[in-house]
Amino acid sequence: MALSLEAYEQDIDELISDEKSCCLDVTDSSDVEGDELNDLELNPFDGLPYSSRFYKLLKERETLPIWKIKYDFLEHLAHNQIVVVSAGPKSGKSSQIPQWCAEYCLAGHYQHGAVVCTQAHKQTAVWLAMRVADEMDVNIGHEVGYIVPFENCCTSETILRYCTDEMLRREMMSNPLLSSYGVVIIDDVYERFVSTDVLLSFLKVIAVSRPELKVVIITCPSLSGTLVSYYGNAPLVEAENTHSVESVYTTSLPRDYFHSALRLLFEIHHTKEKGDIVVFLACEEEIKRAYEHIKQEALHMNPELGELMPIALYPHQSISDYIPYEELDDNSKNPKRKVVLTTSLGESLIWMKNIFFVIDVGIEKRKVYNTRIRAESLVTQPISKVRAKMRKHILSSSSEGKLFCLYPEDFAHEMKPFLTAKVEECNLISMVLFLKRMDIAGLAHCDFINRPDPESLMQALEDLDYLAALDNDGNLSEFGIIMSEFPLDPQLSKSILAACEFDCVDEMLTLAAMVTAPNCFIDLPPEAKELDLIGKGKFFHPEGDHFTLINIYNEYEQMKRNNASQYDVEKWCQNHCLSFVALEMARAIRNELLDIMRRIELPLTGPAFGSDENVTNIKKSLLSGYFMQIARDVDGLGNYIMLTHKQVGQLHPDSGFCNSAKVPEWVLFHEFSVSERSCIRIVSEISPNLFMEFVPPYYFSNLPPSETKDLLQQDQTPDTPPTEEPREEEPLHEANDEGTAEQRCIIQ
């Protein structure tokens with residue numbers, strides 16, 4: 001029987017009382033041997049005696065700014081269903097609040113479930129789980145664990161789970177009311193990712209259906225008022241970080257903010273003042289440039305200044321490359337000053353304690369989706385006031401840190417107050433597919449904090465219709481349901497389903513993993529261009545980049561099957577200018593996709609890569625999902641005009657066709673981005689006839705008149721006319737084999 005509210009309140013009061021006395025005992029017994037304390041106290045989470053490290057970390061935790069609100073927070077949690085917490089970076093919010101919620105659930109004997117805490121970045125989720133397991137004196141992967149894309153480090157016994165907001169959103173497809181959790185914590189709300197906003201909206205509904213569920217929303221001070229109102233005047237608990245910070249502004253905007261930031265960095269280093277430095281740049285490309293520049297300059301510096309150690313912190317980098325804490329320290333006698341280079345999205349990844357200086361260029365480059373041209377543009381714009389204020393919290397709380405703003409103070413006053421929510425500036429097709437899976441019909445009436453752009457919603461619905469993911473009533477079709485099972489872009493999911501019909505599942509799973517993982521090609525400086533060409537040339541496939549990626553993965557997998565050591569595999573990657581981390585990620589993704597295929601009982605086929613028939617089948621599968629991404633070379637020089645609009649793009653430098661004597665006339669591309677040099681990435685040659693065979697007639701007829709469209713109709717052979725066909729495609733089976741196909745596609 002569920003515990004009553006009065007019983008919960010009594011347990012919480014006892015918990016708070018016990019916590020206070022425990023803390024007093026630890027303080028008063030500082031001279032007592034650790035073994036004596038261990039004999040007295042048992043960890044309530046695993047029943048084992050506390051280690052001496054637990055008490056050491058407890059004293060560190062008590063110094064965190066967030067610790068001051070612990071008992072106030074627990075009291076609000078006991079008496080309210082939804083609690084909003086306002087706290088800045090490095091306050092301890094992400095590590096301490098989940099532990100307090102675990103204590104709350106422990107007091108209630110886990111009657112209503114465990115605790116889950118979402119993070120905006122997978123790196124943060126992994127590191128926080130490890131750190132919190134250490135602080136709670138329990139085992140990672142047992143009492144405390146994490147779930148991130150393509151990695152699950154939890155068991156049924158886990159009482160505190162860290163995960164990305166995307167993973168919790170996907171869990172809702174099989175567990176709509178999140179019934180396995182007693183407390184749901186949404187952290188880093190200010191990032192305003194699409195999955196974050198979707199969770200915030202759904203939790204309002206779930207809270208009504210589950211009165212026993214507790215919801216904790218953690219955000220920055222600037223957004224707390226909005227969230228309090230959004231959740232019907234929910235109680236607000238504020239953790240103030242009051243340490244002094246000196247802000248230094250420039251008199252005018254620098255012409256070159258990038259080099260101005262580097263000059264200031266070197267000036268600080270020459271003063272010999274102690275402390276590490278964080279530099280916020282506009283984009284990841286600038287992080288790479290700054291890293292190489294600092295490495296070169298450091299070689300010529302006076303050794304008496306101490307070593308300058310740059311750390312490139314990419315928000316979307318691999319977990320294995322991420323070192324967030326004192327692990328960066330070493331035992332060297334020579335002083336080292338760490339310089340963290342990151343972007344605005346890297347704020348929550350910075351955990352170093354000794355940061356005395358922050359340099360902020362005040363500019364960021366954001367990817368904004370343009371519905372008209374179906375492409376992302378890299379937009380340069382000033383940061384928001386929320387970002388500007390949060391820079392101060394990065395500085396060490398024990399010092400009088402300095403924040404150098406490379407913009408005038410009046411420029412700061414003109415910044416927009418909040419970050420733009422991602423639901424207002426990204427492609428919404430994956431979100432709409434999820435909402436349809438959750439039986440949300442009136443998309444325009446979903447209660448988001450910021451409403452998505454109606455045009456973006458309409459285009460997402462239209463694209464899902466073209467992909468045969470919707471039936472005639474606008475609900476998910478059988479294909480749409482299966483597509484939603486994959487953690488992929490719907491177009492890629494559709495290509496995998498088509499591969500089931502064309503007997504090339506093995507190759508499509510490999511390709512899906514390679515395009516989902518980070519770029520496998522390493523960026524080399526211009527002087528190493530020849531080495532780059534030799535490395536990539538071995539894997540080049542004349543049909544295009546999709547096939548080149550399959551070649552690369554197959555070679556890498558062959559090394560693994562031959563039981564090569566990790567050193568040999570990494571050396572092989574280095575010799576061919578490939579990223580070992582990216583290929584490892586692709587392998588993990590492929591295994592996850594293979595597990596999904598088996599779980600929903602989709603047909604699998606063995607490898608057949610290399611034959612002409614297999615190449616054609618792969619192209620057919622790709623066209624089934626990417627028929628909206630076709631381009632034609634207009635001048636024989638690699639300038640491609642898109643079929644869906646009149647934008648022109650060039651081949652990406654990583655494309656194998658860049659080094660070919662002749663470029664193909666018609667190509668299918670994976671991605672088109674608008675920037676200083678608009679590029680199409682991952683392209684393969686196709687024939688107009690093959691395209692006309694697989695393009696949905698109602699999509700082709702809706703295309704605006706153009707020369708490219710006319711050429712496609714003229715080049716069409718008599719045996720492949722664009723005749724009207726049934727509205728819904730059946731790529732998994734032939735029309736006369738319906739009964740068999742239904743047995744092959746089962747959602748469990």
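From the backbone N, Cα and C atoms, a Cβ is placed for every residue, glycine too.
Spatially close to S94 (ATP binding site) yet at least six residues away along the chain are C117, Q119, T124, L128, D187, D188, I218, S348, judged by Cβ distances under 8 angstroms. Sequence annotations record features per position, and here Swiss-Prot assigns ATP binding site to A87, G88, P89, K90, S91, G92, K93, S94.
According to Swiss-Prot, the domain 'Helicase ATP-binding' annotation covers 74-240.
Swiss-Prot lists 263-439 with the feature domain 'Helicase C-terminal'.
For 706-748, the entry in Swiss-Prot reads region 'Disordered'.
There are 19 other Cβ atoms within 10 Å of the Cβ belonging to G92 (ATP binding site). Packing around K93 (ATP binding site) is summarised by its Cβ count: 24 other Cβ atoms lie within 10 angstroms of its Cβ, all protein chains included. Model confidence over the domain 'Helicase C-terminal' (263-439) stands at 84, taken as the mean pLDDT rounded to a whole number. Just so you know, the Cβ of G88 (ATP binding site) picks up 22 other Cβ atoms within 10 Å once every protein chain is counted.
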